[in-house]
C-alpha cells in the first residue's frame, strides 16, 4: 500500500482536518474506556506541531442520522482532550456544532467538529456533504482505522474533493501490524478465533486457515468443530448447518480439537463446574470453558509461536468459574516472545481484565475493520489514499 503519510508533509499554513476514531463508550457523560482516544493522540499532537489550524472529527455511537442528540455528543471527548493537550500543545480545545458552512479559528485552539453522524448523508457517502467537509481543509488526514472499511462521507467521500489526503500515524500502524501478522508472518503463525458462532466469522476462519500454521478455535465456534468430528456437545450452542464447512476447514488446516472441557447444566456465574473428557459429556450439559488438558495442549503450541493473532474469547470469561481457558491463554500470549496482535471488543475486555495490555505487541482499535482486513477485503478509504498518492506522483 503506497500512501502519503502525515510525516511526509509540511503543514505550515495549512488547514488540517483529521478523521479520527473517537467512538468511545460513554456512560452518564463519563468515558469508560479511553483506549481509542489515547491511540489517536499521536497523530493529533503531530498535526498540532506542524499546523496552527487543526480540526478533528469522528462519529460516536449510533444516533439517528441528521438529528442532534446530546447523548452522542463528542463533548466528553473534548473534556478528555483538554486534560491531555491544554498548556502543552494548545490554549483551548473547542467543540464546534455548526461547521459545514465554515469555521473560524482563535489563536492556539484545536477544533473538534461535532459527531459526523449528526450530518444527513454521512453514512451514504453523500457527495454534497463530502464537498462541504473538503471545503473546510487544505489537507485531510485519515486516521480512523476502525471506520476505514466504511464508505462514508467523512472517511471516503471527502477524499474525492480535497486537494490532498494522507494517512495518520494510527492508520499506518494498524495496517503495518496486520500486514506483519498476515502478509509476511514469522512462523509458526498461530491464529486464535473465539466467539459464539462460526457463521459470524466464517470468512475470517477461511482466510486464516490459508495463512496460519495452527488455527485454534474456542467458545461456541469450537462446539461446531467438535460436532463435525462426531463428538458429543450436549446442549451446547453449535451450528449444525455449518458442520460441512467445519469438516472442510479441519481437512485444510491444523486445528487442535479439544479433549476435555468444563461443563455445567446451567449458564450462570454461580453454576457448579465439572471438568470432564469430551466423550463423557451428558445430554443436559453445556460446554462453557476448556479443560486443563486442552489448555496445556494450546499453551504448548503458543510457546513455539513466532506470530500470534487473537480474536474472540475462548470460554465464558465473564463468569469467574468459566474463565480459566481465556485467562491462561491470555497470560501465555503476554509472556510469549512472538509478535502478538489482538482485536475485537470482547478480546480487549479480556486483556484488560487480566491486565496484560502492555505485554501485547499490538492492540487493534478496529472491531469490524479488524475482521474485514483479515477477510482480505479492500478498504474504500485506503483505496482513496492510494489514489491521492498516485496522483501526487504524476
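Backbone N, Cα and C atoms are what each Cβ position is placed from, and that goes for glycine too.
Feature annotations, courtesy of Swiss-Prot:
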BINDING   21, 22, 23, 59, 60, 61, 62, 117, 150  substrate binding site
BINDING   201, 318, 344, 345, 346, 347  ATP binding site
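Largest Cα-to-Cα span within the ATP-binding set 201, 318, 344, 345, 346, 347: 21 Å. Of all Cβ atoms in the shown protein chains, 17 besides its own fall within 10 Å of the Cβ of residue 346 (ATP binding site). Considering only the binding-site residues 201, 318, 344, 347, the residue whose Cα is spatially closest to the Cα of residue 62 (substrate binding site) is 344.
Between the alpha carbons (Cα) of residue 345 (ATP binding site) and residue 21 (substrate binding site) lies a span of roughly 15 Å. Of the binding-site residues 21, 318, 21 has the largest number of other Cβ atoms within 10 Å of its own Cβ. Of the residues the record lists as binding substrate, namely 21, 22, 23, 59, 60, 61, 62, 117, 150, the two whose Cα atoms sit farthest apart are 15 Å from each other. Taking the binding-site residues 62, 150 in turn and counting surrounding C-beta atoms within 10 angstroms, the largest count is reached at 150. Other than 21, 22, 23, 59, 60, 61, 62, 117, 150, the residues of this chain whose Cβ falls within 8 Å of the Cβ centroid of the substrate site are, in sequence order, 58, 115, 116, 147. Nearest neighbour of residue 346 (ATP binding site) by Cα distance, taken over the binding-site residues 21, 23, 60, 150: 23.
Ranking the binding-site residues 201, 318, 344, 347 by the distance of their Cα atoms from the Cα of residue 60 (substrate binding site) places 344 first.
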